[in-house]
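J.: Here it is, the structure in full.
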Amino acid sequence: MASRPHRRIPASLVAFTSAVLLVLAPASGSQGDKEPVYRDCVKQCSRTNCTGARLRGFESAQPPYMALTGWTCRDDCRYQCMWTTVRLYQAEGYGVPQFHGKWPFVRFLCFEEPASALASLLNGLACLLMLLRYRSAVPRQCPMYHTITAFSLVSLNAWFWSTVFHTRDTYLTEFVTLCSALQKMDYFCASAVILYSIYLCCVRTLGLRRPGVSSMVGVLLILAFTSHVSYLTFVSFDYGYNMAANATIGIINLLWWLCWCWHHRRALPYWWKCGVVVLLLHGLALLELLDFPPLFWVLDAHAVWHLSTVPVHFLFYSFLIDDSLHLLNTEKIGVKLE
């Protein structure tokens with residue numbers, strides 16, 4: 001959320017909601033969409049352009065891809081008024097505000113956040129490509145084959161919803177909550193990927209020798225995910241809690257994989273691939289902390305983060321292929337799996 005300007009704002013940009021309310025109800029809006037100039041602009045635009053003959057003219061002239069992705073006349077008013085407000089801020093020398101929890105982005109076709117949508121799509125394509133490569137390189141009888149395939153499908157699902165969310169975020173309500181159904185899917189699927197990565201690590205480190213242990217851990221992870229989703233859906237969509245929960249499971253995932261890498265650093269020559277991947281993924285996530293206004297109104301920290309993770313898929317699946325083939329060869333010669 002953008003910080004409040006310290007100088008006095010002109011009459012057209014007054015009446016910010018107090019900082020206390022922002023802290024207590026962070027999902028109710030952002031600095032830009034709370035501005036009277038923005039709200040008055042949306043109301044006036046909606047009254048003028050979104051009724052009667054003007055509305056029918058808007059709908060008849062609207063490209064099919066815009067209609068299919070749910071862009072309405074009122075949404076178009078919000079988009080135009082957002083830029084009106086941004087220009088007023090910049091004319092007065094203030095920083096760029098956020099609107100409905102997001103930075104302003106130039107819309108490309110039907111894409112609300114074109115760079116993040118493209119980055120999510122590229123991650124999904126990289127994941128799909130490497131899954132196909134894994135399935136062609138590793139026989140189905142490999143002990144980790146089905147677990148890794150399931151992990152890939154969970155990841156693909158997450159990148160699909162991330163692409164959809166960054167393409168078009170439809171708000172459930174205007175004033176009660178910022179979080180949309182698509183945003184929830186994006187967040188929940190991301191949590192599912194981390195939890196399944198923990199399960200993948202559990203199977204690799206314990207489950208090959210003690211299948212019952214990995215089954216118990218799997219049940220616990222499913223219960224944890226169900227509780228997490230239920231709380232955020234039916235009790236309160238708490239952004240702070242969601243971030244803390246994902247950070248916690250992320251650290252567990254990081255430490256467990258790094259411990260495995262350290263333990264096998266002399267026995268397995270490809271161990272470093274796994275170590276580099278987990279360190280890169282958690283290190284690159286720090287890009288989110290930058291949170292700068294988008295460059296050229298397209299590229300923000302979130303998009304940079306997603307773009308930077310695309311090459312990581314290739315290294316991770318290279319590790320998975322090497323490790324799966326190692327396990328298969330070990331099983332064939334009757335050596336105890338580890």
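Placed from the backbone N, Cα and C atoms, the Cβ positions cover glycine too.
Keep in mind that TrEMBL annotations are predicted by a computer and have not been checked by a curator.
Okay, so TrEMBL annotates it like this:
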- 1-32: signal peptide (SIGNAL)
- 115-132: transmembrane segment (TRANSMEM)
- 144-165: transmembrane segment (TRANSMEM)
- 185-203: transmembrane segment (TRANSMEM)
- 215-237: transmembrane segment (TRANSMEM)
- 243-263: transmembrane segment (TRANSMEM)
- 270-290: transmembrane segment (TRANSMEM)
- 302-320: transmembrane segment (TRANSMEM)
J.: Can you say which of 115-132, 185-203, 215-237 has the most Cβ pairs under 8 Å with the transmembrane segment (144-165)?
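T.: Result: 185-203.
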J.: Go through 115-132, 215-237, 302-320 and flag the stretch with the largest number of C-beta pairs under 8 Å relative to the transmembrane segment (185-203).
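T.: If we count Cβ pairs closer than 8 Å to the transmembrane segment (185-203), 215-237 scores highest.
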J.: Against which stretches of its own chain does the transmembrane segment (302-320) lie, if we need a Cβ under 8 Å and a gap of at least six residues from its ends?
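T.: Sequence-remote neighbours of the transmembrane segment (302-320) are 113, 115-116, 119-120, 122-123, 126-127, 130-131, 133-134, 144, 148, 162, 270, 273-274, 276-277, 280-281, 284-285, 287-288, 290, 294.
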